[in-house]
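For reference, TrEMBL has these:
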- 43, 192: substrate binding site (BINDING)
- 119, 165: ATP binding site (BINDING)
Ligand SMILES: Nc1ncnc2c1ncn2[C@@H]1O[C@H](COP(=O)(O)OP(=O)(O)OP(=O)(O)O)[C@@H](O)[C@H]1O
Ligand SMILES: Cc1ncsc1CCO
Ligand SMILES: [Mg+2]
């Protein structure tokens, strides 16, 4: 079995507990996607329990889509605990750059504990690269390719993996750049597909120690499930429903066969 297929196989056999502190908009979509693929999601943000939940989880997902002060406290506590317990964690810097507050919180999270993976769209990754790589500016257009230079610098500076999602996904670790060229334009017409991608990265981190491989497989699962759902769907509504079914039905063998990648 290929290494990509084997990661999906491990999700099915181990059903990792994935701790999500995510936004109000996507909590339900994200939990359903993780259940469909074979993981066990838990959404928990109360400051009183966040440390306990990190400790029992296989991985942590931090998503700053709908920030507020109390949640930020919980996020910081969670990432500190993840660092202490060596629990892998992925960060989704939703809308970083759109407000000074979002930018400050994204920086604070990254400074508190380095995420193993950061996943964002091209403009988010570029905004983050711009504030983090203070010696080098990056372009202001929003094409995924333009974000690669910034992402590469960011990945080197943080010594982690950066994922840029879009029509083509780029997974960047050091000099290694993997690409995934599956998926559907309908994925950008449903809220929270990016958040789902991030939560799938968290899921793969829960079963696979090779961080670059885990992030690549997560984007491969998104893309291939997106292709399969696209064939059956008339628009965003049916796509969302079919996407869950595709995640549920996707076999490790079909994933390996249909993924379009250089990895
Ligand atoms: N035009 C496209 N063709 C193929 N796949 C796409 C396309 N646009 C987005 N995707 C896929 O959709 C998923 C979400 O990526 P996207 O870049 O849209 O995230 P996002 O902007 O953070 O989304 P959101 O904030 O709504 O959650 C990824 O798996 C990506 O590969
Ligand atoms: C629409 C939206 N607003 C804040 S979070 C979110 C979900 C997509 O990230
Ligand atoms: Mg997003």
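From the backbone N, Cα and C atoms, a Cβ is placed for every residue, glycine too.
Where the annotation comes from TrEMBL, it is an automatic prediction and has not been curated.
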Express the distance between the Cα positions of residue 43 (substrate binding site) and residue 119 (ATP binding site) as a whole number of Å.
19
Residue 165 (ATP binding site) to residue 192 (substrate binding site): how many Å between their Cα atoms?
12
Among the binding-site residues 43, 119, 165, 192, name every one whose Cβ is found under 6 angstroms from ligand 2, counting any of its atoms.
192
Listed binding-site residues with Cβ under 6 Å from ligand 1, out of 43, 119, 165, 192:
165, 192
Cα distance, residue 119 (ATP binding site) to residue 192 (substrate binding site), nearest Å?
13
